[in-house]
Amino acid sequence: MADRHSRSADVSTGGPGVTNSHARPAGATASTGVLDGRSGGDAPVPPDLRHTGGGLGGGGSLPRRKGFGAENAFRGLTLAAGTMVLVIIVAITIFLVAKAIPALQANDANFLTTKEWFANETPARFGIAALAWGTVVSAVIALLVAVPIALGIALYLSHYANKRIATVLGFLIDLLAAVPSVVYGLWGLMVFIDPVRDLSVWLNKYFSWLPFFNGEAPFGRSLLLGGLVLAIMVLPIITSLSREVFMQTPTANEEAALALGATKWEMIRTAVLPYGRPGVIASVMLGLGRALGETIALAMTLGFLNVISLNVIENGGNSIAANIANGFGEAGEIGRGALIASGLVLFTITLIVNMIARAIIYRRREFTESAA
Amino acid sequence: MSTTTLPAPGQNPTLHTKRLPAVAFLGIAVVALGVSAAICYGTGLGGWVLTLVIGLVLYMVGVYFAVRAVEGSRSARNRTWSALIHSAFVLAVLPLASVTWTLISKGMERFDGDFFNSSMNNIGARDPNGGAYHAIIGTLEQVGIAALITIPLGVLGAIYIVEYGRGRFTFLIRFFVDVMTGIPSIVAGLFVLAFWVLIVSPWFNNGAPAFSGFAAALALSVLMLPTIVRSTEEMLRLVPAPLREGSYALGVPKWKTILKIVIPTALPGIVTGIMLSIARAAGETAPVLLVAGGSAAINFNPFTGQQGSLSLFVFQQAGDASRFAPARAWTGALTLVALVLILTIAAKLLARRNRIPR
C-alpha cells in the first residue's frame, strides 16, 4: 500500500491548470485508475475530466480506497494456500493419533517392547520393537554403503570430471532418483537377489565368526538385500545435494590452497570438505529420512520375520513401513489401528530427522548468503 | 613391485619433481590383478568379482607405495584418493546399468498390444495374457486429479511465501514445506486412510468405508504439494526485482503484477517443477495400495469403486505366484519408468531451454 499516492500530493502538483499529461511531474497523478485496480482501459484519465464531478480540491474525484478489494482477496487466497501446508501437517498428526488410540487401548502387550505383531487376534498383541530394529538396521546398512560412494561421486562430479561429462553424469544421477521405488523393489527381488545371495554364502563361509554373518541358509531375502537396495535409492539424494555444496566452495579458498602448494586431494581436504561439511551432514540426514520411510522396495525384498538379531544375511527382517504395506490387506478394525499407530511412530521419527536436516541447511544458507 | 619401471634420474628436465610414468600404473594394475587372481583361484576363495575387488585394493596399495617412493608421500595420498573417487563412480554406474538392462530386456517380453488393451479381470494363474489397461487408467486419473488439486494450491502458497509473507509465520511455512517433502509416502497413505476412507467416505457410502481412486489422488496431493510449493518458490525468487518495480512504477497493483508479470516470467520453471512432482507422484505405490483398493477390472470412475494404478500393478504382479506374472510385472515397470522418465526429461530440458537470465 506504500506505493499509493496520497491525495495531498495530487492537490499540490496536478491542478486543473495542467492540460497535457506529459507536462506533469513524474509520478504525481499519472494513472490513478490503474492504482486502485480498475481495468487498464480507462487508466490515463485526463485531468480536466477528473473535475467534472465538482468536488473540492484536485483529488476529489479519486476512487475511494476500498476496504475489500482484489488486492486483499488475492492476498487472503494465497495466505490460505500457504497455511494449507501447516494444516495438513497438523491434520496428519490428529487423525493418526485418533485412529491409533483405540488400537493401542486394545493392545494386550507393551507397544514399544513387544516383538510380535498379532494385531488381528483376540486379544491383540503387537509391538514395534522388531519392526523398529529392522527399520534402523536396513537404514544403517544403506547409509554405510551409500555415503562413502555418494561422496566419492559428488567429488568426482564437482572436482575431477571435465565439465561436459559432469553435466551428463549429474543428469543421469538425477534420473536415478526419479525411478519409482517399486521398480527398484522388483529389480532387487528378481535380479539383485542372486549376487546378494552369493555374497551372503561367501560371507557366511569365511566370516561366520562375526555375529552379523553367522546363521544358516536360506539366505537372500534378508536385511542385507533390503539395505543394499535402499543404498542404491538414497545414493542419488546424497550425491546431488553434496555435489551442489562442493561446487559452491569459494574459488578463492580452493586457489589459495593450491597456491600454497597443496595437491588436489589436500586442496579438497582443507578447502572443499570443511566448507561442505554442514551440507553433507544435511544430505545424509535427508537420505536417512528417505531410507527410514521407504516402503515398497523393502516390502518386496525383506523376508518378514519379526525377530531382533544382529544377523543381516539370513532370510527375515521387517520394517515399520513394509509391515504396513504387507499387513494391510488382512488387517481388521484393530489391525488397521495398530498399523496406523506404527505409522505414527514412523512419522514422528522421520519428522524429527527431516527437521534436523533442514535446520542444518537453513543455518548454512544464512551463512552463505551473508558471505556472498 | 614396480621399481623396474622407474624413470632414470635426470630424465625430467622441467621444474616438476619426478613423476611416475603412465606405463607404471598400467603395470601395477596388471600385477595387482594377477596377484589377486592367483589368491582367489589358487585358494578357492571366490570368483571373478572377488578377484576384481582384491585387485582394486592391491592396485591402490601398489600405487601408494610406488608413488611414495618416486614422488613423495603427499603425492601418493593424492593419487590413491583420486583412484578411490574414480572407483566410487564406477561402482555407482553398475546398478544403474543393471536396472536399465533388465528393465528393457525383460520388459520387452510382454510389450505388446494385448498388454495395453486388456485388464487383469478374469485372468487366472494359468493365463499367459492379461494387461495393465485398468492400471494405466487408474494412474492417469489419480495423478490428474491430484494435479488439479495441488497445482493451484501449491502455486498460490508459493506466491504467498515469496510476495506477501514476512516474519516468523512465513518462515514456519517454508520450514514445514521443506520438512513435508521428506514425509514417507506410506504416512500420506495412512493419513488419507484415517481421514478420508475411514471417517469421511462412510457418509457417502451408507456407513461403509469406501476405497476409491479419489482417495489415492488425495494421498498423492499430500505428497505433491510440498514439492510444487518448493520449486515454484525458487522460480519466483529468480524473477528479477526490476521487472516488479517497473510494473509498480506504471501503477499496476501488486496482485495484477504477480499474475501478469511475475508468473508469466517464471512459468517455464514452474511448469518444470510441476512436471517433476507429477512424475514422482505417478511412481508412488504405497499410498495407492492403502486407499485405492486395487481392482483387477477396468474402472473409469475415480469416485466410486476400487481402482488400480500402474505401480500397484507392478507390486501385485511381482508378488503373484503365477509363472506369467513376472513378465507382466517387468512390462508394467518398463511402462512406468518410460512414463516417469519422459516427464522428467521433458521437464529438465524445458528448464534448460528457458532458464531465466540473472
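Glycine too: its Cβ is placed from the backbone N, Cα and C atoms.
Unlike curated entries, TrEMBL annotations are predicted automatically.
According to TrEMBL, the transmembrane segment annotation covers B:20-39 (among others).
The transmembrane segment feature in TrEMBL is assigned to B:45-67 (among others). Tertiary neighbourhood of the transmembrane segment (B:45-67): same-chain residues 1-3, 20, 24-25, 28-29, 31-33, 35-37, 39, 75-77, 79-80, 83-84, 87, selected by CB-CB distance under 8 Å and a gap of 6+ residues from either end.
Among the features that TrEMBL reports, transmembrane segment is placed at B:79-104 (among others). If one looks beyond the transmembrane segment (B:79-104) by at least 6 residues along the same chain, the residues whose Cβ comes under 8 Å of a Cβ in the stretch are 56, 59-60, 63-64, 67, 330, 333-334, 337.
The domain 'ABC transmembrane type-1' annotation in TrEMBL covers B:136-351.
Among the features that TrEMBL reports, transmembrane segment is placed at B:143-162 (among others). Listed by sequence, the residues of this chain that lie at least six past the ends of the transmembrane segment (B:143-162) yet keep a Cβ under 8 A from its Cβ atoms are 170, 173-174, 177, 213-214, 217-218, 220-221, 224-225, 228-230, 232-233, 236-237, 258, 262-263, 270, 274, 277-278, 281-282, 302.
Feature annotation from TrEMBL assigns transmembrane segment to B:183-204 (among others).
The annotation transmembrane segment is assigned in TrEMBL to B:210-229 (among others).
What TrEMBL records for B:261-282 (among others) is transmembrane segment.
Marked as transmembrane segment by TrEMBL: B:329-351 (among others). Outside the transmembrane segment (B:329-351) by six or more residues, the chain places 102-104, 106-111, 115, 132, 135-136, 139, 268-269, 271-273, 275-276, 278-280, 282-283, 310-311, 313-314, 317-318, 320 with a CB less than 8 A from a CB of the stretch.
If you look at the transmembrane segment (B:261-282), the same-chain residues 6 or more away from its ends with a CB under 8 A from one of its CBs are 139, 143, 146-147, 150-151, 154-155, 159, 163, 220, 223-224, 227-228, 230-232, 234-236, 238-239, 243-244, 247, 252, 310-311, 336, 339-341, 343-344, 346-348, 350-351, 353-356.
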